[in-house]
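Colleague: First the structure, then my questions, so here it is.
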Amino acid sequence: MSAKEVKFGVDARDRMMRGVDILANAVKVTLGPKGRNVVLDKSFGAPRITKDGVTVAKEIELDDKFENMGAQMVREVASKSADAAGDGTTTATVLAQAIVREGGKAVAAGMNPMDLKRGIDLAVEAVVADLVKNSKKVTSNEEIAQVGTISANGDVEIGKFLSDAMKKVGNEGVITVEEAKSLETELDVVEGMQFDRGYISPYFVTNADKMRVEFDDAYILINEKKLSNLNELLPLLEAVVQTGKPLVIVAEDVEGEALATLVVNRLRGGLKVAAVKAPGFGDRRKAMLQDIAILTGGQAISEDLGIKMENVTLQMLGKAKKVMIDKENTTIVNGAGKKADIEARVAQIKAQIEETTSDYDREKLQERLAKLAGGVAVIRVGGATEIEVKERKDRVDDAMHATRAAVEEGIVPGGGVALLRASEQLKRIKTQNDDQKTGVEIVRKALSAPARQIAINAGEDGSVIVGKVLEKDQYNYGFDSQTGEYGDLVKKGIIDPTKVVRTAIQNAASVAALLITTEAMVAELPKKGGAAGGMPPGGGGMGGMDF
């Protein structure tokens, strides 16, 4: 075990504070509509330009181990805010820096760090309660567009795309962001359920121009196993022929004589049929087939349930108003499933999303949820250069998460004003002793930091702006740094999602309180000389050889 270096008290906190400042100062220049860009060097390819706080924070790694510990803890604030609300990362970083700075001074003046922490916790509770009380529900598309515009650093086009996407796929629908190959940004909406499997054979195609299978009012057979034996399929095929309706078979695979017979019947026109491989693998495939069954009002045929293929009846099949299958995707529109069944399945998937610890599983569950709940919207972000597209995509991602958060918990006035107003409530908090009172005061001072920083980034005097805003007693009154005017921020469309502001202050205070209560730090000693160990002096040639 290598030797360690240990720092105590003021020395430890000073080194840590230096790291916090380096990271926070790099991140906070991006805050607000007039925030600046940060250029990130990449080991390969062109540098990356971004205005996204968490992207900047993730790139920062400091040489000094003690400074780096401070920086990494504040980086955690940005990451946690991004995970919980998808935005507010810069605000959270600015708040954490302000609380740590004021808290550090209080500890250096001889106050009890644990009482300071209790005071900070009391203050945060009061701030959250005030935010929730003054939160306003988002109802119109205009408000959704405004939230998107603010979060995308004032880009009106992005706000409009997001509100259109949410209008089309609903609040539960999935919105994915991709890089476009063109200059224009565009929105593409897939209604109904789509999965990434196409037809097994091109002979099933009904629309030769588009190379697509298009069926109206179709039956859907959902089978977990391979189908190769014709005899087990025959009873069902005969029953479907009698109805005159088309049949879509979703199975692990269709091969051999079963596939040959389906193709021949399709070509002769005796049976409108198409076969598709089941999506996913393993347990996920089972779950997705069950989703399709619930959406279409059918039953997933599985040997686990003791149902044999030859015993399948028309009542076990799903139904859909329209099914489209191309080479790569299958889309089922207007399935005949019962609304109550679909809602129960949606609730079940939501519960799984809450429980899972894996990001990959969460992403896949959210995709399944969207397919059941409404559809998928894809925003393809365009731009003149790859660097511009990447920078814009970062902003669209932020804006998408912010609009989701706004729909979930409502909105408050933006520009750091909601936190400024909450700071006025902290004067009334009762504490047990003076140190706790100082803890509350630390948070009260820190709450003006985001509004101050937005003004500074716009070239204004932060203290003057904060003073003028607090003079007026209207909750929504604030400073619009884009135009340099004061007024009702909600009417001007300058709004923040309550969830974003709430998670920013909670995460910032949580990590900052830990930094304030730190008394010792332990890190490995830097290696002396920097040479790798291993070879003895003198080259270490083979014994007995004289070169």
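The backbone N, Cα and C atoms fix where each Cβ goes, and this holds for glycine too.
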Colleague: Swiss-Prot records Thr30, Leu31, Gly32, Pro33, Asp87, Gly88, Thr89, Thr90, Thr91, Gly415, Asp496 as ATP-binding residues. Which of Lys51, Lys65, Lys393, Lys437 is assigned to the same site?
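Modeller: It is Lys51, as the record lists it for that site.
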Colleague: Let me know the largest Cα to Cα distance in Å among the ATP-binding residues Thr30, Leu31, Gly32, Pro33, Lys51, Asp87, Gly88, Thr89, Thr90, Thr91, Gly415, Asp496, as an integer.
Modeller: 17
Colleague: Given a 10 Å Cβ-Cβ cut-off, pick out the one of the binding-site residues Thr30, Thr90 that has the most other Cβ atoms nearby.
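Modeller: Comparing the binding-site residues Thr30, Thr90, the most crowded Cβ belongs to Thr90.
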Colleague: Around Gly415 (ATP binding site), which residues of its chain at least 6 apart sit with Cβ under 8 Å of its Cβ?
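Modeller: Residues satisfying the criterion: Gly32, Ala451, Ile454, Gly478, Phe479, Asp480, Ser481, Leu489, Ile494.
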